[in-house]
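Per Swiss-Prot, the feature active site, proton donor maps to K142. Annotation comment: Swiss-Prot describes K248 as active site, proton acceptor. For D170, E199, D222, the entry in Swiss-Prot reads Mg(2+) binding site, with the evidence type sequence analysis.
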Amino acid sequence: MTMIRKFKLYQYSIPVDSQLILRNRFLKKREGLLVQVCCDDAQGWGEIAPLPEFSQETLEQAREQALAWLEEWSASDGSAGKLPLEHLFPSVAFGLSCALAEMKGLLHEEGNYQVAPLCYGDPDELYDPLNQMQGEKVAKIKVGMYEANRDGLIADMLLEAIPDLHLRLDANRSWTPSKAQMFAKYVKPEHRARIQFLEEPCKTPAESLQFAEETGIAIAWDETVRDAEFQQNPPHFFTPQVKAIVIKPTLVGSIQRCVELIKQAHAHGIQAVISSSIESSLGLTQLARLAQQYTPNTVPGLDTLDLMDYQVIRPWPSSTLPLIDLDSEYIVPIKLD
């Protein structure tokens with residue numbers, strides 16, 4: 001029996017919060033692709049959204065590659081086996097793998113929508129959401145954008161004020177060893193255990209590990225997970241100071257690749273945290289479903305929707321942002337030859 005395969009591709013461009021800075025660049029809008037795949041009566045959606053300054057591929061490159069893959073996929077009837085995703089750009093592999101998994105019923109419906117509230121610098125933003133939070137209290141703070149001693153003081157102040165709070169901190173490799181030490185100096189030793197982890201404090205993994213050994217502050221890998229050295233030998237990076245790896249599927253690749261990383265981390269007793277690359281609500285809800293399916297006991301890092309002015313196609317359960325659909329001026333179908 002011949003299967004009928006079809007696809008549609010759309011491009012979205014949504015205004016975002018004007019304060020959003022990615023590696024010293026203001027991001028005015030978030031752009032990406034929405035893909036729909038259909039096979040007979042089954043269908044699935046995915047999002048392909050390279051993150052400027054972080055992804056290796058541009059949106060144009062991703063669009064070209066996705067179109068070529070989808071055209072080959074739709075022209076085949078599946079008898080020649082699966083079309084591989086591994087050679088594709090990470091954002092393309094992830095978006096296509098989500099669409100295919102949805103279509104085949106392999107991506108579970110239930111999602112983990114508990115978020116770690118994200119703070120870009122003003123700690124007052126965190127008190128209300130944290131005091132209202134049920135269950136485990138986890139918040140995330142971006143550090144490394146201001147003075148290291150200020151970052152240390154803010155972290156210490158929050159831990160002092162909310163005794164059952166655990167913090168995730170993200171430095172994006174921005175500190176020298178001496179600046180990282182300056183941060184630690186302002187966090188009281190009795191509070192350091194409640195820093196769940198500090199992502200990539202220093203410019204190199206070796207410096208970050210040394211910082212963790214000297215201060216007792218646990219660290220997590222984020223950028224390192226995508227480095228060639230890590231991919232060749234992950235266990236080398238799973239030392240006692242490392243408490244988590246952060247997996248951003250848009251930057252890592254297909255669902256299958258992400259699951260491999262999760263299993264490697266769990267085998268070494270290390271948390272795997274599914275995290276956002278500032279996807280639209282469509283991509284974020286799929287990340288929440290992935291998190292529930294593969295890391296059910298870990299709060300994912302998905303608190304980025306409020307940076308956007310709109311939700312796209314599928315709503316995040318608790319969001320009050322307006323929802324746009326395929327008729328919106330912000331979504332354009334990509335014409336197929």
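Using N, Cα and C of the backbone, Cβ positions are placed for all residues, glycine too.
Here the structure is a predicted model, which means the values were calculated and not measured.
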Ranked by the number of other Cβ atoms within 10 Å of their own Cβ, which of the binding-site residues E199, D222 ranks first?
-> E199
Residues lining the Mg(2+) site besides D170, E199, D222 (CB within 8 A of their CB center) are R168, L169, A171, N172, L198, E200, A220, E223, V246
Within 10 angstroms of the C-beta of K142 (active site, proton donor), what count of other C-beta atoms is obtained when all protein chains are considered?
-> 18
